[in-house]
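Quick look at what TrEMBL lists:
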TRANSMEM  B:7-29  transmembrane segment
DOMAIN    B:20-438  domain 'DUF112'
TRANSMEM  B:35-53  transmembrane segment
TRANSMEM  B:109-132  transmembrane segment
TRANSMEM  B:144-162  transmembrane segment
TRANSMEM  B:169-188  transmembrane segment
TRANSMEM  B:200-220  transmembrane segment
TRANSMEM  B:253-279  transmembrane segment
TRANSMEM  B:315-342  transmembrane segment
TRANSMEM  B:354-380  transmembrane segment
TRANSMEM  B:386-404  transmembrane segment
TRANSMEM  B:464-486  transmembrane segment
Amino acid sequence: MTFNLTRRAILAATVVLGLAGTAAAEFPESQITLVIPFAAGGSTDVVGRIVADRMGQELGQQIVVQNVGGAGGSLGAGQVAKADPDGYTILMGTVATHALNPLILKQKPYDPVADFAPVSLLVLVPNVLAVNPAVPANTVQELIDLAKKEPLAYASSGNGTPLHLSGELFKSMAGVDITHIPYKGSGPALTDVLGNQVPVIFDNLPSASGHISSGKLRALGVTTKERAPSFPDVPAIAETLPGYETYSWNALFAPAGTPPEVVAALNKAAVAAMADPAVAERMKEFSATIVASTPEELGEHVKAEMAKWEPVVRDANVSLD
Amino acid sequence: MELFSNLAMGFSVAGSLANLAFCLIGVLLGTLIGVLPGIGATATIAMLLPITFQLEPVSSLIMLAGIYYGAQYGGSTTAILINMPGESSSAVTAIDGYQMARKGRAGTALAVAALGSFFAGTVSTFLVAIFAPPLTAIALKFGAAEYFSLMVLGLVMSVALAHGSVLKALAMVVLGLLLGMVGTDIYTGTPRFTMGITQYADGLNFVALAVGVFGIAEILRNLEDETDREVMTKNINRLLPTRDELRQMIGPVLRGTGVGSVLGILPGGGAILASFASYTVEKKLSKNPREFGQGALAGVAGPESANNAGAQTSFIPLLTLGIPANPVMALMIGAMIIQGIVPGPNVVSEQPELFWGIIASMWIGNLMLVVLNLPLIGLWVKLLTVPYFVLFPIIMAMCSIGVYSVASNTFDLYAVAFFGLLGYLMSKLRCEPAPLLLGFVLGPLLEENLRRAMILSRGDASTFVTRPISALLLLMALGVLVLVFLPQIRKRRDEVFTESDA
């Protein structure tokens, strides 16, 4: 009896130790939470869910998506900045959370460089300048000429968003004044431009693409340096205003202090997920360009973006408390 | 008859065994989460989005749509039984529905709500099929000025909602407007009344506010006086409405369906107004308006039909323009994009099976809901017989989970506690929570559109009367004001006459 018990105890102990040994060596041993700092249904959410699904298969653990919307992405990003740096809580960061908000907000809820361990820059998403078809402007140049003759207004998804600042950068480079009309998100802004309540809009290309291909909106130019592969007929704004370049991007971040081997495991899974043809096909439909960078490249990218936007934010005089 | 061939195609898609099953799962799940107070369709659909990856696009959208209108049905159940509206649209149902339940007519109220909703659902499904493209054109004519005038009309109507003093109702509307101001100003980015709490940067959570002022306040009031609840549970004798009651509900249901269908099309705020507008209309048309607030049948039948009709027609801007009318529709767009469908005007021509399949499934779903819910009424009513020391803690726990699930924000829970106390205080002062809620919902829209219209017109206020739709809406608001004050003027005159007679 005693012998049996002891032997069983030893066996059990061996099994437990063995399990613990493997677990410590292999990340991840339980499910991972991906925080998306915007409401469900938006473009960041869609990209995040597609990637989370595929990355989960790579890692052999489920990745649970949690939408923590609010304050233009600052709430969700702030939450991940303060999370345990073990790789089990990661963030789908964007140009808003890691370049614009830190520049615009007077009270900084987190430091985009010091508080995060970059994992991978996933995709670049072009923005687009479009007008209602009733507007007498077929090219970027004609719109600039029109704006010099009569007062115009443009709609954006909100104050301090990448789209607002794309518009401000356009105004300063073209030397025109166009009144900014902010909305609560892309949807209502699009509605008013489709109904010609507001003539001009800066929007994410994915959210406007359906209206552009159906002819309800006339795309004048994409904001990327090159034309977007999904709309080869739409010129880049840079063809009229050399040097003009803005785009939205999505990237994975872990909290600062996450062990390098965990970051490497996450990066490997993310890169593998983006290489999947099915994911690539989805991203193409979405007009997004796949980057799938290394952690170091993402770190450099964040610094470059902050340097690029700093003067635009200052000139446009956008600041939020 | 292209319409019929299109509908036939839709029914063949929606009628496949798999799609029928997904529709059933959707409406069952929707009813369930609707009945659980606090847990709304938005949270459920968000949680289910990843599952829809694996499904056919049509099946996943049919299921998600089922959750949405199933939740509308379920939401009115809790509003009637425990005075706990989970969605803004069922807040109005709680006013008279809960009073009916207290008088032992819970079964009747639930049946009236279910039948009214089914009728409205049927009519509006056909409206969606016939009028989707032309109605969309009307919605696009609504600019900032028109929305401002619509909100003015809504706020004026909210005063008519009250059945006590007009002054108290106005005070509640203003308090609601003030609470709606909390959050970041979208034009300047300045935080207002957030007390430095970043979690309130996007404003107070509607669900937290509604659960607080209606639900928690009701629980507090019940704990004060236990005998009240016992009376209510003993008086349930009949579940289905009598022939006479059925006759009474025809008018309100027809009018509610009309009001709801029209307002549901407007993206942003339109559908919210539907049930409030219908209640006002019924109260004004009623021979005995005093009954309202005391358990009037029309006060349940009208708004319930209106909110269901609005829920269906809010698919019109989604399917034809790719524009969401509310957060649930925004999620549906997300679901479409995940499936590789670009929402927009092309959906009808490029994906006719999807478009007509969803429309046909709406009617099938509504039928399923009635078949499911009529027998379930008995079960729901039995909920009332659960002793309060079991029921109240369960409700509190469900509310907390539900409110938290909306945005994973603990500050929303503090808001529930605060508004629970405020609601209790209001009930002591005999102030109505419904006008407060309407002020809270419409206030921010009113302000946003007023300022947008003024920016667009370059500071010229005449834009509100020179635009015909806006001018018409403002005239209607004026008309409602006259209607509200007319009885009082007449009453005063009557009083003068009686005095002179004596």
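Quick reminder: no glycine exception, Cβ is built from N, Cα and C everywhere.
When Cβ distances are compared across the two stretches, the transmembrane segment (B:200-220) makes no contact with the transmembrane segment (B:7-29), since fewer than 3 pairs at least 6 residues apart fall below 8 angstroms.
Scored on C-beta pairs under 8 angstroms, the neighbour of the transmembrane segment (B:109-132) with the top count among B:7-29, B:169-188, B:354-380, B:386-404 is B:354-380. With a threshold of 8 Å between CB atoms, the same-chain residues lying at least 6 positions outside the transmembrane segment (B:354-380) that come near it are 6-7, 9-11, 13-15, 19-20, 23-24, 26-28, 31, 35, 57-58, 61-62, 65-66, 69-70, 73, 77, 81, 107, 110-111, 114-115, 117-118, 121-122, 125, 128-129, 239-240, 308, 312, 315, 319, 341, 347-348.
Below 8 angstroms of C-beta separation, residues 155, 158-159, 161-162, 194, 200-204, 209, 426, 431-433, 435-444, 446-448, 451, 455 of the same chain, each at least six residues beyond the ends of the transmembrane segment (B:169-188), sit close to that stretch.
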